[in-house]
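**Student:** The structure is given below, and queries will be raised subsequently.
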Amino acid sequence: MSESAVQIIARGPRENAEAAAAAIDADPTLEGATYSILEEDEDRNIWRIDAFPTTAEEVEGLKATLADYPVTVTVEKLADADWLAMSLSGLPPVRAGRFFVYGAHDEGRVPPNAVNLKIDAGAAFGTGHHGTTVGCLEAFDDLLKRERFERVLDVGCGTGVLAIAAARTGSRIAVGTDIDAPSVRIANENAALNQAHASFVHASGLNDQRVRRHGPYDLVFANILAPPLVALSQDIKMALSLGGVAILSGLLRTQERRVTAAYTSRGFRLEKRIHHDAWSALVLRRMG
Ligand SMILES: C[S@@+](CC[C@H](N)C(=O)[O-])C[C@H]1O[C@@H](n2cnc3c(N)ncnc32)[C@H](O)[C@@H]1O
């Protein structure tokens with residue numbers, strides 16, 4: 001994730017928020033900008049837009065568009081610095097269900113009865129040590145006891161660990177995407193390192209042609225922050241086949257209700273929650 005990633009929040013009465021959202025939709029220069037709109041406080045009629053620009057032009061474009069409407073706009077930096085700090089090499093290997101995630105320094109210690117994933121993190125997130133990654137791998141391991149997933153998409157791939165885990169357990173298509181170009185390069189290197197048939201593309205959101213052409217997917221991983229998980233709920237739904245599964249993480253336990261509501265209101269059923277420390281991973285199935 002880029003160090004300068006920001007979230008733009010606009011609050012106001014429903015009619016103002018909806019008019020501002022319509023203006024974002026109508027602006028061709030903001031076509032790729034991801035945002036969500038939801039009711040924050042029913043009693044006070046406060047609606048809220050959360051926008052997640054991925055370029056400086058989108059930041060300026062969103063600010064300029066929102067300034068034309070009677071809404072209160074704030075810009076917050078997305079907390080990603082801690083995540084990158086987790087990507088240190090030299091960490092011990094991690095076991096999550098059938099998966100064993102290890103670095104180059106543990107080459108000689110891989111167990112014979114696991115799906116071994118050798119992950120070099122470099123500047124990308126995803127050594128397998130973070131509670132969110134472990135939660136996703138455990139959720140996937142559990143699903144694999146009963147189901148097969150032919151087509152898998154990994155939104156916010158980081159090192160590529162999740163899509164590589166899918167490719168190594170029989171998924172025919174394993175595609176990953178990240179807004180961070182160095183992560184995509186590292187993920188492709190890790191795919192080669194693991195002889196995994198997984199490919200990764202640098203893209204913002206799920207509307208990229210290279211992502212869409214392999215869909216609909218049977219399983220979508222998205223280990224990103226809670227606000228983009230909410231903002232991407234419709235795109236993730238459309239990327240999934242009926243009956244397909246979303247494994248979502250990157251959210252705190254305290255954010256579970258908000259993320260779950262965004263998906264259940266779109267026809268998903270919550271099947272499982274996995275907790276590690278303060279972090280949560282959700283398994284949601286598209287029912288409608
Ligand atoms: C917590 S890391 C997850 C990495 C890996 N999937 C894992 O589970 O270990 C989140 C990744 O999502 C990327 N990201 C954040 N928001 C995104 C978005 N809207 N679209 C695509 N990637 C995003 C970040 O650049 C970062 O690499």
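Here, residue 1 is simply the first one shown, and the rest follow in order.
The backbone N, Cα and C atoms fix where each Cβ goes, glycine too.
Residues annotated as S-adenosyl-L-methionine binding site in TrEMBL: THR133, GLY156, ASP178, ASN223.
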**Student:** Can you see whether DSSP assigns THR133 (S-adenosyl-L-methionine binding site) to helix, strand or coil?
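**Tutor:** Its secondary structure by DSSP: helix.
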**Student:** Neighbourhood of the S-adenosyl-L-methionine site (THR133, GLY156, ASP178, ASN223): other residues with Cβ within 8 Å of the Cβ centroid, in order?
**Tutor:** PHE125, GLY126, THR132, ASP154, VAL155, CYS157, GLY158, LEU162, PHE221, ALA222, ILE224, GLY250
**Student:** Have a look at the binding-site residues (THR133, ASN223) and report the one with the fewest Cβ neighbours inside 10 Å.
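**Tutor:** Counting other Cβ atoms within 10 Å of each of the binding-site residues THR133, ASN223 gives the minimum at ASN223.
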**Student:** Where does ASP178 (S-adenosyl-L-methionine binding site) sit by DSSP, helix, strand or coil?
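**Tutor:** ASP178 (S-adenosyl-L-methionine binding site) sits in a strand per DSSP.
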**Student:** At a 10 A cut-off on CB-CB distances, which of the binding-site residues GLY156, ASP178 has the highest count?
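**Tutor:** Result for the most crowded candidate: ASP178.
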